[in-house]
Amino acid sequence: MLVWLAEHLVKYYSGFNVFSYLTFRAIVSLLTALFISLWMGPRLIAHLQKLSFGQVVRNDGPESHFSKRGTPTMGGIMILTSIVVSVLLWAYPSNPYVWCVLFVLVGYGAVGFVDDYRKVVRKDTKGLIARWKYFWMSLIALTVAFALYITGKGTPATELVVPFFKDVMPQLGIFYVLLAYFVIVGTGNAVNLTDGLDGLAIMPTVLVAGGFALVAWATGNMNFASYLHIPYLRHAGELVIVCTAIVGAGLGFLWFNTYPAQVFMGDVGSLALGGALGIIAVLLRQEFLLVIMGGVFVVETLSVILQVGSFKLRGQRIFRMAPIHHHYELKGWPEPRVIVRFWVISLMLVLIGLATLKVR
């Protein structure tokens, strides 16, 4: 929005030309989202406390979690608000990729909001009925997937980028829709499963978003895309603004979510952030890269799948509790140790993922 205004004002003062620089807008997008979230934090927390929107804790969870009961939840509202406002201010409104991310972000945020509302108001730990949650998540994912397929079929926008192989980029055809669906829905749920400890989900999200900001910049630059042997996508550059907004909003939220947390993001935050990372990976054609950089989310999800599968097939559990971060808690690891070690692993995976762009 401000970019368009600056384009009209540049004729009166050349200094407004700085708004056309992607790097400048990326930095101010991060700072805008950061300051909004820091400003909203105390106010939202106080309001949630006034409404008694406190966290509902499972009775079969680790005993250390019982002290979290009543901590304000639905803090994801401040994350979403910060991201949306920052993106609308600093990204080109005419860019379709930006609107795809906002559509999934807000859509999944709405699903998460309803889920959280049922938990905190009706005191129902299950929240929104699972089939309805997946119905709405699937509808949102399929809507954007079909739209992208119709507008991009037969172009690099629907190719599959395979790590380590620079000349292997097959056209997916209609399978693009299926892949996009699983990536968006899967990532939304993966981040949701990871959000079980103070700050555990938000920092990996920030790191992955930061990694995708670099990838988006390279993908939207013809010279760098050619150098890295990845598809050049002319709309991809503006995703840098979206990614840096996620980083800024995430860091602002972490200020209040770090151990011991003053607020939890709730499903309104985790589903939205996961869906956003998923659609960003789809738009950049970097689904495999998401698996690497978001390895913490992948492992958390696999631990649940393996735990449920093992119990149903063998009547035995693999882990003391799933997702796997609870397993380490029950082994006696202090919560901060689990959190920081997962952060370190996430940072390593993001760096490894970025390195694969060159190893081709």
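From the backbone N, Cα and C atoms, a Cβ is placed for every residue, glycine too.
According to Swiss-Prot, the protein carries these features:
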| type | residues | note |
| --- | --- | --- |
| TRANSMEM | 26-46 | transmembrane segment |
| TRANSMEM | 72-92 | transmembrane segment |
| TRANSMEM | 94-114 | transmembrane segment |
| TRANSMEM | 132-152 | transmembrane segment |
| TRANSMEM | 168-188 | transmembrane segment |
| TRANSMEM | 199-219 | transmembrane segment |
| TRANSMEM | 236-256 | transmembrane segment |
| TRANSMEM | 263-283 | transmembrane segment |
| TRANSMEM | 288-308 | transmembrane segment |
| TRANSMEM | 338-358 | transmembrane segment |
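Between the transmembrane segment (94-114) and the transmembrane segment (288-308), fewer than three CB pairs separated by 6 or more residues in sequence fall under 8 Å, so the two stretches do not touch. Under the criterion of 3 or more C-beta pairs below 8 Å, with sequence separation of 6 or more, the transmembrane segment (132-152) and the transmembrane segment (263-283) qualify as touching. Comparison of 26-46, 168-188, 236-256 by number of C-beta pairs under 8 angstroms to the transmembrane segment (288-308) places 168-188 first. Panel annotation: around the transmembrane segment (168-188), residues 104, 108, 134, 137-138, 140-142, 144-146, 148-149, 153-154, 156, 158-162, 231, 270-272, 274-275, 277-279, 281-282, 287, 290, 294, 297, 301 of the same chain, lying at least six beyond its termini, place a Cβ under 8 Å from a Cβ of the stretch.
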